[in-house]
Structure formats: C-alpha cells, structure tokens
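A.B. asks: According to TrEMBL:
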DOMAIN    B:9-220  domain 'Cytochrome b/b6 N-terminal region profile'
DOMAIN    B:223-432  domain 'Cytochrome b/b6 C-terminal region profile'
TRANSMEM  B:38-65  transmembrane segment
TRANSMEM  B:86-107  transmembrane segment
TRANSMEM  B:122-144  transmembrane segment
TRANSMEM  B:156-179  transmembrane segment
TRANSMEM  B:191-211  transmembrane segment
TRANSMEM  B:242-263  transmembrane segment
TRANSMEM  B:301-317  transmembrane segment
TRANSMEM  B:337-355  transmembrane segment
TRANSMEM  B:395-421  transmembrane segment
Amino acid sequence: MKKRSILLNGMALVTAVVAVLFIAAAPHEEVDIPKETWSFQGFFGKFDQAQVKRGFQVYKDVCSACHAMNLMSYRNLAQIGFSEDEIKEIAASVQVTDGPNDAGDMFERAGKPSDTFKPPFANEQAARAANNGALPPDLSLIARSRAGKGFAGYEGADYIHAILTGYKEPPAGFQLQDGMNYNEYFRGHQIAMPQPLSDGAVTFADGAPNTLEDESRDVAAFLSWAGEPNLEARHLTGLKAVLFLVVFTLLFYAVKRKVWSKIH
Amino acid sequence: MTAVFKNPVIRWIDHRLPVFSYLQHEANDYPTPKNLSYWWNFGSIAGFMLMVMIATGIFLAMQYTPHVDHAFNSVERIMRDVNYGWMLRYLHMNGASMFFIAVYIHIFRGIYYGSFKAPRELLWIIGVLILLLMMATAFMGYVLPWGQMSFWGATVITNLFSAIPVVGDSIVTLLWGGFAVDNPTLNRFFSLHYLLPFVILGVVVVHVLALHRFGSNNPTGIDMKGPQDSIPFHPYYTVKDMYGLGVFMLFYAFWVFFAPVALGDPDNFIPANPLSTPEHIVPEWYFLPFYAILRSIPDKLTGVLAMGASIAVLFILPWLDRSPVRSGAYRPAFKRFFWTLVFVCAILMFAGKYAPANYWLPFELTIVPPEYMAAQAHLESVDALWPISFAGGHFGIQIITLGQIATVYYFAFFLVILPLLSIFERTLPLPLSISKAVLESHGGGAQSSSAAAKEKA
Ligand code: HEM
C-alpha cells in the first residue's frame, strides 16, 4: 500500500489534464468578445452606484424606446441610490392603464413606484411591426442570458458593451440584408438593432463623460445589476459563509486529529 | 440487546420502543474498519446533500408556480423578492451538481475497492437504483424554471422514448400529458419532482440497512476479523465525516456564492419559447457522459438502448467482476483499466458537450466546426472530411468519433475486461488482516503473506 503505483498517479494526472482541457477548449467562436474590468467582478465585487445610476439613465433615455424590462419595478431603483421622491417622479412620468374601476372601465393613471417598468409596445406583434420584423428582447435578464461560456457570470456585461460599441462599416463584399446593421460582435454580424448609442447621445445628470465607450459601459453595468440585484448580498454572505466554514472545518480537523491519535 | 440509559425518560421510552438502543447500536457502537480512507466520506456527504435538496426544495416550492405562464417569473421572484430566495435557489441549483459529484465519486470508489462484491451485491444494486432515481429527479427539476434549456431539454429527452417499438409513442404522450411538452408536462414533472426525493430518502434508508448488515468495505478489501480491526463509528468516523463535510461545504459554498451559474446554461435565463430552438441543446454536466453515449450511435433506438445499458450494466457488475480479490490496491492490471475508465468518462463528458460533427483539435485546445476543417483542407464539401483529420497541419478528431471510441471502451471495461481479468489477473498478496495492513502502512514490518481474499456469505 505504501508504494503508490506511478501509473495510478499518472492516470490521475491525465484525468486532471482532461478536465482542464474540457474547461479550456472552447468552441471556435467567430469573434472573441473583448474582456473588460467591472467593479462587480471578483470575490469582493460591488456595483458602482453612480455608474449603475447613469446606466439607468441610458436605458430610460434610449433603450426603453424599444426594449421592455418586465422584471423591474420603479421601486427597485431605491437600491441604486434614487431617493423616494425621485422614484415617484420617474414613475409618474409614464401613463399606465389600470382598472377596471367601480364602473367597470379601464382608466389611465400616472405610474406608481410599485409598477413595473412600462413596456414600449403593447405586445410582440407591435414590437416586431415597429422594428422591421425583429423583436427587441426584454432586457431584465439580458446580462445573464448572454454570459456565453463565462465562468463567473459577469461576462454578459462584456457582451453588451461589445455589441453597443461594435457597429462598423461592413467589410467589402459583405452581403448586408435590407434594414440590417453590421456589428462586429453579433453572431453572424447582422443585427436588426440600429446603433442605439453614440458620443454625446445621453447627457448624464451627474455630468460624467458621455462618449460612446462611457455610455456603453454604464448601461452594461446597469443591466448587470438588473440581471442580479442581489449580487452584493451574495458576495457578502459568501464571504461570511466561507469564514464560518473555514473555522468549522479547522475545528473538526483538530478534533479529528485528537480523537484519532489514540488509533495511530 | 437493549442498552442501559441513565436518563429515566429515555429508559422508559426505550423499554417500550427501542429507538435509542437502535441508534446506540447502529450509529454509536457500530463497528467500522479502522482503516477507511477519505474516499469513504462521500456516502455521508451524499446523504447530507439529499437533506439540503429536500430542505431548500420545500422552501422553493412555497413560492414556485407550476404553470407555463408563471413558472419562469415565479423563479425570478424567488431570486429577487423573496428574502434569501436567491440563496435558496442557488443552493438548490448547485446542490444538484454537488449531489452528483459526491455520488459519482462514491460509485467510482465502490468499483475500485470492489465494494459491490459478495456479500454486498444488494447494497450495490440499491445504490444504482438511487442513482437512477436521482437522475429522474434532477431531469424533472431542471424543467421547472421553464427556461429555454428546460423546455428543449425536456423535449429532446422525452422524445427519446418514442424510439421504443410499439409502446413508445404512448409513453411519450403519457409523459407529456398531451401532444407536446406543455402545461400538463410541467405540472406532472413538478408533482414527481416533489415526490421522488422522498422515495430516494426511503431507498437510502434501505441502502444503509443493507450496509449495516456487513459493515463498510475498506481499502484492503478484506473482512474485519475481530475487535483489533474495528473501531466504533462514534467518535472516530463521526468526526472524520464532519471534517470531510466541512471541506466539501467549502467547495459547495464557492459555487453557490461566487460562481452560481457557472455550472448551468445561460440560455435558461431566456423564458421557454416553443417557436425558437436554441442553437445547441445540451443537458447539465452530470448527464453529459450518457448523452455522449446516446449520440455516438446514429440509430435512435440503438442509441437509447446503449444509454440505458450504460447504467444497466452497473446492476450486474457483481457478476461481471468475479475476481476473488476485492480491492483494486492488490490488482495491478485492474488498476490500469480502472483509471482508464475514469479518463474515458471524462472524455465522454467532453464529447457530450459539443455538437457531434465538430472537430476537437487537442493540441490547440479548441473545437472547430467541420466547415473550418474543410476550409483548411481546401475541400469544397464538408462531407469529404474524415473522422480524424490532418487538414492544413491541424490534427483533429471529430467529436462523434471521440465519443464512439470512449463508448466502446466503457462497455468493453464492464463486459469484456472485467470478466477476463477475473480469470487471468495475477493479484498481489493480501495483508493478513486490517490491523496488520494498518501497521505496515505506518512504516512497520515485513511483506505480508496472503490471506483468504473474501469470505463468501
Ligand atoms: C434528490 C433531490 C433533488 C434534486 C437532485 C433536485 C434537482 C433540481 C434541479 C436540477 C432543479 C433546477 C434548478 C434550476 O436550474 O433552477 C430543481 C428545481 C426545483 N426543485 Fe428540486 N431537486 C431535488 C429535490 C427537491 C425537493 C425535495 C423539492 C420540493 C419539496 C424540490 C423543489 C424544486 C423546485 C420548486 C424547483 C424550481 C425552482 C428552481 O428552479 O430553482 N426539489 N431541482
């Protein structure tokens, strides 16, 4: 038993190598999405509140013309630092249909913080009709559903940033269909969404720089927050859990050593 | 048999209902081989994971809505609005993976050390039954959040049953509760997903009862011969199990808190849409080896049968491996084939992940589509490609070929190699007893002479 067979260890090693290959070997992607650094990545990652707030402004001023966010309510904005009054004001800026009232009629009223973000279109057909037959997807979970083969889950932000900054002139000879736009990072390079952002497209309330790059990063951060509003709680609870488990494990390791010392 | 307890209340109860004597006997004094390695920790870890799954599952079910129009959003509500709902869901989601990791290690441990051999055949068979039940439970659970992969995974897997002659289509209709994966499917899957873990719990109890009949096997594979070979379960293995559990929970916590979706598919964050098929439909990692076996055979029925056989073969393992020596530690040839099997299962997992037509370029650590290889070879047509290709200086193996080679080895291991090894292998001398082996491994003594390999019951 003492002489471990070299072969045994060898095979274990091979297995480990294959496991690594398995993780490393990625399908040959047509394009590599550029990696960005985000404040919310890593064990201690947190959202940059000012950035997420600016990102909401980009969504509200630009993206919300086409994209719904069904999972978000105005009240959720409190988490990224909007005051109660600001939230009331933002909600009240839209008219929503409510009812039926006592007379049995539907009626229009100003939005309330408990309402979900008002969608731009009444239904899928209307959305397609307004967008050349293409459907602008709901953005609530876009950062999560576009995370690709990403490991930690924040790769969706890289993708959003890439798409928004990836509009280029099509290379010579590229067959662009009618109403489509060339995008370096979209699968197949033809996207139905016209370039939504450009330098100076949004003027930020906090006066932050508003190049295409800044706007794209800010809205990507906002959509990452919307995709997982509890990310910070997760990281914080995780650190506490790990701390507890390390103590727990060391304790039982010590007890185990003590108890077994009588046997060995 | 009844133990004597100091506490009068306990004594009163125990006299009428000897649960305390039973516990004392089965969990406290229970004689256990003194030489169990850390590979023996995974049984109790699997039990722990079952408890975690049931506990988190019950709380998830309080907020979950099994209806095609609400399931996806109800899960997102759990993630967003229920206090610590995100934690429950991540614990449950990653818990399934942890459960499978523990059980797969547990099974490989059993194969390596011959724990399935007499007199533990029934114990082993009950274990394989647990694996089957787990697979059914995890499959149905994955359908519940009703994302794209939930829906399309359910469609692909349930459709497999249609390959069965005569009754296939009726089975599929029964599973669906209609003529497509739809609301009735979701409802029955939820009902069964709630039920099966408790069935598993029952089978686990039987598993442990069968275990306690002869006690644990051990790294030497020889039986306990007397008190010098065994120690009471408590405190020795209770503390060792707790220590192992701590390490495992750290591993689990890493996934739950720092990479909670790494093991899942991002497409499941898109609500199910029967009108839009995802580009790649892949099952969760723990089903990939079986999926690879299924896909390595072009004929649907044969593929389904092979997939079923890959588990069925485990049921008859005690009668395939007839070597009188239990432990792989004393079986030099077996050891090699065993580790090759582990390696092959990793390959199968890999092959299950990618589309069969793609090529794997091992030296470039990448997977490329056949079109790419065709272009490298300056071929007009993709059909002209070979399973193994050197196009443009790239060495590539087609994923399906890789899967086929691995599938052949998988079955050969059980059906050919093990029976032959039982006859031809020259095993190493066994230690005289467990306590002798323990002493030797601590630097003591002479080469042991052989002991009777295994006592038939
Ligand atoms: C053998 C134990 C179990 C296994 C292996 C298992 C596995 C799974 C899996 C893989 C999912 C999908 C996770 C996801 O992608 O979101 C799931 C979801 C779910 N399970 Fe379980 N489960 C088990 C026990 C239970 C029990 C006992 C209950 C209820 C009493 C339960 C209730 C649920 C519910 C409500 C969901 C949907 C919510 C969600 O997707 O997170 N599970 N299960």
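Each Cβ is built from the backbone N, Cα and C atoms, and glycine gets one as well.
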A.B. asks: Residues sitting near the transmembrane segment (B:337-355): Cβ under 8 Å, six or more positions beyond its termini, same chain?
C.D. replies: 108, 111-112, 280, 282-283, 285, 287-293, 295-296, 328, 367, 369, 399-400, 402-403, 405-407, 409-410, 413, 417-418, 421
A.B. asks: Are there residues at least 6 beyond the ends of the transmembrane segment (B:156-179) whose Cβ is under 8 Å from a Cβ of it, and what are they?
C.D. replies: 139, 185, 187-188, 281, 283, 294, 300-301, 303-304, 307
A.B. asks: Counting only residues 6+ away from its ends, which parts of the chain sit with a Cβ under 8 Å from the transmembrane segment (B:395-421)?
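C.D. replies: Non-local partners: 292-293, 295-297, 306, 309-310, 313-314, 317, 320-323, 331, 333-334, 337, 340-341, 344-345, 347-348, 350-352, 354-363, 367-368, 370, 373, 385, 387-389.
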A.B. asks: When you look at the transmembrane segment (B:86-107) alongside the transmembrane segment (B:191-211), do they share 3+ Cβ pairs under 8 Å, ignoring any pair fewer than 6 residues apart in sequence?
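C.D. replies: By the criterion, they do not touch.
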A.B. asks: Taking the transmembrane segment (B:122-144) as the first stretch and the transmembrane segment (B:242-263) as the second, find out whether 3 or more Cβ pairs fall under 8 Å, excluding pairs closer than 6 in sequence.
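C.D. replies: Since fewer than 3 Cβ pairs under 8 Å link them, the transmembrane segment (B:122-144) and the transmembrane segment (B:242-263) do not come into contact.
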A.B. asks: Below 8 angstroms Cβ to Cβ, which residues of this chain, lying six or more residues outside the transmembrane segment (B:86-107), approach it?
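C.D. replies: For the transmembrane segment (B:86-107), the sequence-distant neighbours (Cβ-Cβ under 8 Å, at least 6 residues beyond its ends) are 39, 42-43, 45-46, 49-50, 52-53, 56-57, 59-60, 75, 78-80, 127, 130-131, 134, 138, 141-142, 248, 251-252, 255-257, 260, 263-264, 284-286, 314.
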